[in-house]
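Below you'll find the structure, written out as structure tokens, and then a few comments.
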Amino acid sequence: MSTTLITRIGELMTVDDEQRVLRDAAVVIDGDRIAWIGAASDAPAADERVDAAGRALLPGWVDSHTHLVFDGDRTAEFEARMAGQSYAAGGIAVTRDATRAASDERLAALVAARVREARAQGTTWIETKTGYGLDTPSEQRGARIAADGADDATFLGAHLVPAGVDPDDYVREVCGPMLDAVRPFVSWADVFCERGAFTPEQSREVLLASRAAGLGLRVHGNQLGHGEGIRLAVEVGAASVDHCNFVSDADLDALAGGSTVATVLPACDLSTRAPLAPARRLLDAGVEVAIASNCNPGTSYTSSMPFCVATAVLQMGLSVAEAVRAATRGGAIALGRATGEGAIGSIAVGHRADLHLLDAPSATHVAYRPGMPLTAGVWKGGRRVV
Ligand SMILES: N=CN[C@@H](CCC(=O)O)C(=O)O
Ligand SMILES: [Zn+2]
């Protein structure tokens, strides 16, 4: 297996247990793993040498929440929103129709193109969901395409009750034949627990059936108003509850007392003109916070993690170190992949060599120069992909 030395790193943000930041540092990649970290002056020789010339090196972004398996866009809905309308779950049906009409090949190509866009901005691990099929054959197809195109695949049959279908019948289908059909392709299940989507009771039913089928759990919760999504996520031991725009003191206590990550979605909050998720308050209460893009055609048509990190710093009150951690290690924790051999989201010996070289001397530039193309190189599993 060949080795690569990345040397003369101006700022190496490890996001490791001690949150170490090394200056004039080097990293050695061996195969798909990180084999060595230390001072550039002590670095061992390697087959290939990359001169970072003072640039910053970070873990690749871990985007733990996207919906990439779709066709069509929702420009008209976005324009209406910018003219004052509020977001409602019903728009999901527009994307469902466009997605069902697309061929398998076209959908797979769309997902691949979206993953390439994300990677070009430093994303090295990406989760994606079904949820624009909404019947058993279409959800199964979405699950297969999600599993082929992304690193983690999530079943979101409980995204919207299709018009004309009885909600209880639909929940029975999600928990029965649909779950059986997607099971070979996914390791996670998610539910949109919100007024206009699924009630807490329906959501609990879907989550418990999914857990019984061996899937890890995630919840879309408290996006459009106060409700039970966050507390339900903690109660069932979900790995993550995502959105969290409306967080009561009881929700905060539940999160602080549990192990569920609160995933905030800054680009979605801007695109829906929602109150920003209270990431500062969550961190201050000791809650593990992740940042993800929520790339989807309805509420957040971007996969730019640098944009999300910049927004978290500029608008949500996070420090650069907190935002970088949330967008790397936080996402890895939300996907159960932050520890052990081959862990992602931090730079440590034995972890996967998923790395992001910035065209800047420090990670601060991601927030200081928002919207600028600052990705100089990306390694995924030790292989240079950008
Ligand atoms: N809120 C639920 N699901 C997506 C939006 C889906 C859509 O509107 O197409 C989200 O995470 O924001
Ligand atoms: Zn989502």
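Positions of Cβ are set from backbone N, Cα and C atoms, glycine also.
What you see is a predicted model, and the numbers here were worked out from it, not measured in a lab.
These features come from TrEMBL:
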type	residues	note
DOMAIN	57-384	domain 'Amidohydrolase-related'
BINDING	H65, H67, H220, N294	Zn(2+) binding site
BINDING	H65, H67, H220, N294	Fe(3+) binding site
BINDING	R74, Y132, H159, Q223, T299	4-imidazolone-5-propanoate binding site
BINDING	Y132, N296, G298	N-formimidoyl-L-glutamate binding site
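Among the binding-site residues H65, H220, N294, G298, not one has its Cα within 10 Å of the Cα of Y132 (4-imidazolone-5-propanoate binding site). Taking all protein chains in view, 26 other C-beta atoms sit within 10 angstroms of the C-beta of N296 (N-formimidoyl-L-glutamate binding site). Ranked by Cβ neighbours within 10 A across all protein chains shown, the binding-site residues N294, T299 are led by N294.
Closeness to ligand 1 is met by H220, these being the binding-site residues among H65, R74, Y132, H220 whose Cβ falls under 6 Å from the molecule. Checking the binding-site residues R74, Q223, N294, G298, T299 against ligand 2, the ones whose Cβ sits under 6 Å from it are N294. A Cβ within 8 Å of the Cβ centre of H65, H67, H220, N294, the residues given for Fe(3+), is found for these other residues of the same chain: T66, K129, D190, D242, H243, L265, C268, A292, C295, N296, S300. The Cβ centroid of Y132, N296, G298 marks the N-formimidoyl-L-glutamate site; residues of that chain outside this set whose Cβ lies within 8 Å of it are H67, F70, R74, G91, I92, T95, G131, P297, T299, given in sequence order.
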